[in-house]
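Working notes, structure below.
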Amino acid sequence: MAKHLFTSESVSEGHPDKIADQISDAVLDAIIEQDPKARVACETYVKTGMVMVGGEVTTSAWVDIEEITRETVREIGYVHSDMGFDADSCAVLNTIGKQSPDINQGVDKADPKDQGAGDQGIMFGYATNETPILMPAPITYSHLLVKKQAEVRKSGKLDFLRPDAKSQVTFQYDQGKIVGIDAVVLSTQHCDSVTTPDLREAVMEEIIKPVLPAEWINKDTNFFINPTGRFVIGGPMGDCGLTGRKIIVDTYGGAARHGGGAFSGKDPSKVDRSAAYAARYVAKNIVAAGMADRCEIQLSYAIGVADPTSIMVETFGTEKVAHEIIIEAVRQNFDLRPYGLQEMLNLLQPIYKQTAAYGHFGREEFPWEATDKAAILADFAGL
């Protein structure tokens with residue numbers, strides 16, 4: 001593949017699906033802050049004037065679901081009926097039940113180290129050295145654009161913006177290296193009074209130019225800013241939102257494979273989440289160690305069983321040492337049992353709400369982004 005294009009998209013914290021993700025993770029955080037061993041699977045549905053929170057929770061904690069929901073919506077910025085959604089007046093329905101004891105008997109063990117996986121499934125982790133944070137550039141810059149949109153909206157710099165927004169960036173590659181940006185799409189909800197030309201100019205000057213590196217922009221780069229011309233009706237009034245519907249935005253923007261399991265609202269006993277974080281941690285440390293330029297890890301689990309049923313390492317021909325050495329390094333230096341990866345990544349803490357917008361990976365504040373194993377792996381491989 002000599003020359004090619006690759007595109008990824010992101011959505012803002014005010015996108016309906018992301019509202020749902022953030023509510024689910026806010027509930028999770030509130031519960032595990034009181035009860036770190038709680039079992040939580042929290043799903044959220046949002047539509048005009050309504051939020052429904054459901055799922056299965058087994059815990060000794062008590063949390064105020066309604067207040068958590070309203071505060072989350074308020075922080076995002078839906079605070080007036082003019083936006084089609086209002087934190088203070090929306091209905092909040094709570095339909096949470098308990099997790100099945102059939103699951104508990106497979107997960108909970110006398111020795112915590114023998115804790116079984118909360119479900120079967122496959123999970124992928126990925127890293128590439130095309131950016132300093134070892135993430136693919138298209139998803140990285142798509143996230144940065146909508147994050148900047150929220151920043152200038154909340155600061156009042158562009159006070160005509162509203163919470164809902166989407167971005168999309170197409171990168172040009174030659175021999176696997178970035179040579180430029182081919183296209184940029186940014187659509188943002190706005191108030192009715194701003195004109196389309198004024199909005200487009202403001203978005204270009206205050207969002208796009210400060211975020212995208214100038215050396216990747218050229219005269220042939222295409223910009224599509226609110227291409228329909230009008231985006232007043234947005235958020236839950238424009239579309240209903242559901243937890244777990246932005247799994248590619250949450251991960252690698254399509255640059256790596258995905259096992260299908262969503263993250264938000266799930267406690268760390270759910271390997272859909274915790275093992276995907278661990279797989280990223282492993283892949284990132286392999287690349288940081290210089291063992292490969294690109295790395296994808298696949299893990300699989302059986303419900304109630306501690307050890308992974310399989311571990312796969314793919315380096316796409318970019319490995320600097322024998323493939324067998326990389327695999328052995330993974331087996332000797334990472335505990336990928338559910339209990340082991342929870343301990344390794346310190347997952348039993350209330351850090352999940354902040355993961356629920358702008359991507360779960362490539363953000364240094366999260367423990368699975370540490371490269372503390374890189375030196376150990378490099379030494380193991382003789383690099």
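Note that Cβ sites are derived from N, Cα and C of the backbone, with glycine treated the same way.
Quantities reported herein were computed from a predicted structural model and do not represent experimental measurements.
What Swiss-Prot lists as ATP binding site is His15, Asp164, Ala165, Lys166, Arg230, Phe231, Asp239, Arg245, Lys246, Ala262, Lys266. Secondary structure from DSSP puts Ala165 (ATP binding site) in a beta strand. Long-range Cβ neighbours of Ala165 (ATP binding site) (same chain, at least 6 residues apart, Cβ-Cβ under 8 Å): Val11, Ser12, Gly14, His15, Val146, Gln149, Ala150, Leu186, Ser187, Thr188, Gln189.
Proximity of Asp17 (Mg(2+) binding site) to non-local residues of its own chain (separation of 6 or more, Cβ distance below 8 Å) is seen for Val11, Gly241, Leu242, Thr243, Arg245, Lys246, given in sequence order. The Mg(2+) binding site annotation in Swiss-Prot covers Asp17 and is backed by sequence analysis.
The feature K(+) binding site is assigned by Swiss-Prot to Glu43. In three-state terms derived from DSSP, Glu43 (K(+) binding site) belongs to an extended strand segment. Counting only residues at least six positions away in the same chain, the Cβ atoms of Ala20, Ser24, Val53, Gly54, Gly55, Leu242, Thr243, Gly244, Gly265 sit under 8 Å from the Cβ of Glu43 (K(+) binding site).
The feature L-methionine binding site is assigned by Swiss-Prot to Glu56, Gln99, Asp239, Lys270. DSSP assigns Asp239 (ATP binding site) to coil in the three-state reduction, outside any helix or strand.
Looking only at the region 'Flexible loop' (99-109), the predicted model's pLDDT averages out at 60. The region 'Flexible loop' annotation in Swiss-Prot covers 99-109.
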Secondary structure at His15 (ATP binding site), reduced by DSSP to three states:
coil
Where's the emptiest Cβ shell within 10 Å among the binding-site residues His15, Arg230, Lys266, Lys270?
Arg230
Near the Cβ of Glu56 (L-methionine binding site), how many other Cβ atoms are there if near means within 10 Å?
15
